[in-house]
Amino acid sequence: MRTIAELETAARRRLAPAHYDFYAGGAGEEETLRANEEAFRRRVLVPRVLRNVGKRDLAVELAGSPLSMPVLLSPTAFHRLAHPDGELATARAAARAGTVLVVSMAATTAIEDIVAAAREVTDDPALWFQLYLQPDREFTKAVICRAERAGVKALVVTVDSAVFGKRERDHRNGFLDLPPELSVENMRDDTGRVRDIEMPAELTWTDVEWLRTISGLPILLKGILHPSDARLAVEAGVSGLVVSNHGGRQLDSAVSTMDALPAVASAVDGAIPLILDGGVRRGTDVVKALALGASAVGIGRPALWGLAAAGTEGVTEVLEGLREEVDRAFALCGAADPAGLTAELVR
Ligand code: FNR
């Protein structure tokens with residue numbers, strides 16, 4: 001099995017340079033992009049021993065969805081730029097691995113087709129739907145109803161994007177829109193027109209309350225870094241948070257997610273599960289995040305590298321490679337299950 005770094009090299013060879021840059025890049029100086037990975041390297045593990053780790057169980061449950069391991073696929077845009085099968089390939093790999101795929105609002109495949117692809121693999125796949133609340137409430141409602149009808153199990157509202165981050169690689173490459181043969185299929189309105197995704201600058205906590213009145217699905221907020229916002233989210237009754245800086249693509253010089261995690265975890269104090277994403281590339285990264293208070297991690301770019309390198313098989317390679325590394329890291333840290341990972345293991 002190839003490492004994520006090897007898959008990135010393979011992906012880079014296959015992708016048009018502007019598309020590689022769209023996936024790889026971040027905002028501004030890309031300080032936050034780098035900081036996410038560096039924050040893992042700066043932390044070391046101080047393992048415990050003699051703890052009988054002969055039978056290990058990596059499974060977790062999040063917002064009512066079972067995961068075979070504490071790794072899920074964070075929402076990323078435009079999978080059909082990476083591979084002709086696009087989101088269908090990603091959904092099959094996630095279903096095969098028994099984990100959650102968070103489908104992006106900017107997916108290039110209709111949500112109904114994505115769910116159908118996952119159902120070819122398993123009866124009851126766990127697909128969540130990520131959205132940016134659109135200024136047009138009726139349209140937002142229609143998108144949510146459509147996702148619910150298709151069978152998604154939770155909504156992930158991205159809140160770190162009041163405006164678009166400035167991705168300078170894309171500006172330099174002139175990559176500002178999808179090629180004409182692709183479109184964001186879940187943004188079709190009832191006339192069949194595909195709308196642009198608008199970044200919701202006017203959003204407040206009242207909108208989160210509104211969302212709870214229109215959908216019975218569990219709601220998670222993605223893009224929380226400040227402990228005060230984490231507290232407000234618990235008060236708002238959401239089912240979970242994604243500690244995320246959007247992979248360094250929004251506010252450059254924002255805190256790395258691993259540096260943000262401990263304060264968020266202490267603010268939330270176990271009330272709701274935390275998912276961390278940003279810079280997770282190795283099983284030991286997963287262990288560090290869990291030890292410091294995450295219930296699971298999300299991966300963004302690694303899945304895109306697998307997808308570009310080899311479609312469903314490539315995403316499977318990423319997920320099964322991580323599973324093997326996570327399992328080994330659990331054993332070598334003296335943890336038989338996620339509860340066995342505690343903050344004392346990380347320095
Ligand atoms: C993203 N991300 C993202 N997030 C979101 O809420 N909606 C989206 O449509 C996208 N699109 C997107 C595209 C690409 C190319 C990337 C790289 C990222 C952010 C994503 O969900 C996640 O937060 C980061 O990717 C995590 O960091 P890593 O794993 O890529 O380091």
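Glycine too: its Cβ is placed from the backbone N, Cα and C atoms.
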Taking Arg96, Arg167, Arg212 as the options, which does TrEMBL list with Tyr132, His246, Arg249 at the glyoxylate site? Arg167
Identify which of the following binding-site residues, namely Gln130, Tyr132, Arg167, Arg281, place a Cβ less than 6 Å away from any atom of ligand 1, and list them by sequence position. Gln130
Can you give me the Cα-Cα distance between Pro75 (FMN binding site) and His246 (active site, proton acceptor) in Å, rounded to a whole number? 10
Please list residues from the chain of Gly279 (FMN binding site) whose Cβ is under 8 angstroms from its Cβ, counting only those at least six apart in sequence. Ala35, Asn36, Glu37, Glu38, Ala39, Phe40, Gly247, Ser256, Thr257, Met258, Asp285
Segment-level pLDDT (mean, integer) for the domain 'FMN hydroxy acid dehydrogenase' (1-347): 98
Quick one: pull the CA-CA distance for Arg167 (glyoxylate binding site) versus Arg301 (FMN binding site), whole Å only. 15
When the Cα-Cα distance from Tyr132 (glyoxylate binding site) is computed for each of the recorded positions Ala77, Lys222, His246, Arg281, Arg301, which gives the smallest value? Lys222
Using DSSP reduced to three states, classify Arg301 (FMN binding site) as helix, strand or coil. helix
